[in-house]
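Enquirer: Once you've had a glance at the structure underneath, I'll fire off some questions.
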Amino acid sequence: MTTREINISYTEYDSIGQLSPEDRELATAAIKASENAYTPYSHFNVGAAIRLSNGKIVTGSNQENMAYPSGLCAERTAMFHAAAQYPDAVMETLAIAGCKDGELCRIPATPCGACRQVMAEYQTRGGRPMEIIMVGAEKIWKFSRVDDILPLIFDSLK
Ligand code: THU
């Protein structure tokens with residue numbers, strides 16, 4: 001029997017100002033996108049912004065529905081939008097920002113499991129790592145690839 005460990009490393013920043021200009025632009029776009037969230041039930045607004053290999057930034061926000069499971073998270077809204085509009089572009093970096101009462105959360109909002117699985121598939125489709133940036137007012141976490149937030153990814157194509 002062997003006990004194994006999975007180690008994850010990521011970069012933590014204390015403010016958006018510490019990010020590279022490109023990442024700062026994406027983080028800002030995610031925060032801005034949260035303003036378009038439709039959240040009459042949770043009142044938790046999430047914005048997502050994706051930088052594509054064609055240079056475009058595509059955004060999304062969470063859209064809720066009275067029939068709860070019919071709603072969708074910000075990340076999947078953005079990814080499906082990107083894939084539907086630009087199927088040949090690679091999703092290079094995805095930034096997420098969660099806001100409560102019109103304020104960016106202090107600690108970053110982290111993506112749900114279903115969104116991570118969808119990220120994993122688009123990363124595989126794109127053929128290179130998708131970076132993930134989780135944006136909070138006091139902390140920002142940057143991961144180099146989806147594998148780091150979804151260890152032991154399900155992949156039936158392997
Ligand atoms: N939500 C997102 O949009 N992204 C996440 O990463 C976590 C949760 C949404 C779903 C729902 O509209 C609200 O936040 C509260 O769970």
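Each residue, glycine too, has its Cβ placed from N, Cα and C.
No curator has checked TrEMBL annotations; they are predicted automatically.
When I checked TrEMBL for this same protein, it listed these features:
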- Glu75: active site, proton donor (ACT_SITE)
- Asn62, Gln63, Glu64, Asn65, Met66, Ala67, Tyr68: substrate binding site (BINDING)
- Cys73, Cys112, Cys115: Zn(2+) binding site (BINDING)
- 21-157: domain 'CMP/dCMP-type deaminase' (DOMAIN)
Enquirer: Looking at the recorded positions Asn62, Glu64, Met66, Glu75, which ones sit with their CA no more than 10 Å from the CA of Cys112 (Zn(2+) binding site)?
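Expert: The recorded positions close to Cys112 (Zn(2+) binding site) (Cα within 10 Å), listed in sequence order, are Glu75.
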Enquirer: Kindly report the helix/strand/coil residue split of the domain 'CMP/dCMP-type deaminase' (21-157) according to DSSP, in that order.
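Expert: Grouping H, G, I as helix and E, B as strand yields 48 helix, 38 strand, 51 coil.
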Enquirer: If you measure from the Cα of Met66 (substrate binding site), which of the recorded positions Cys73, Glu75, Cys115 is the nearest?
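Expert: With Cα distances computed to Met66 (substrate binding site), the winner among Cys73, Glu75, Cys115 is Cys73.
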Enquirer: For Gln63 (substrate binding site), list the number of other Cβ atoms lying within 10 Å of its Cβ atom.
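Expert: Gln63 (substrate binding site): 16 neighbouring Cβ atoms within 10 Å.
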Enquirer: Need this for a regression test: binding-site residues Glu64, Asn65, Ala67, Tyr68, filtered to those with Cα within 10 Å of the residue listed as 'active site, proton donor'. What's left?
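Expert: Near the residue listed as 'active site, proton donor', where near means Cα within 10 Å, there are no binding-site residues at all.
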Enquirer: Near Met66 (substrate binding site), how many other Cβ atoms are within 10 Å of its Cβ?
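Expert: Its Cβ shell of radius 10 Å holds 8 other Cβ atoms.
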Enquirer: Between the Cα atoms of Asn62 (substrate binding site) and Cys73 (Zn(2+) binding site), find the distance and write it as a whole number of Å.
Expert: 4
Enquirer: Cβ within 8 Å of the Zn(2+) site centroid (Cys73, Cys112, Cys115 excluded): which residues?
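Expert: Once Cys73, Cys112, Cys115 are set aside, the remaining close residues are Ala74, Glu75, Arg76, Pro111, Gly113, Ala114, Arg116, Val118.
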Enquirer: Around ligand 1, within a Cβ distance of under 6 Å, which of the binding-site residues Glu64, Ala67, Cys73, Cys112 show up?
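Expert: Going through Glu64, Ala67, Cys73, Cys112 in sequence order, those close to ligand 1 turn out to be Glu64, Cys73, Cys112.
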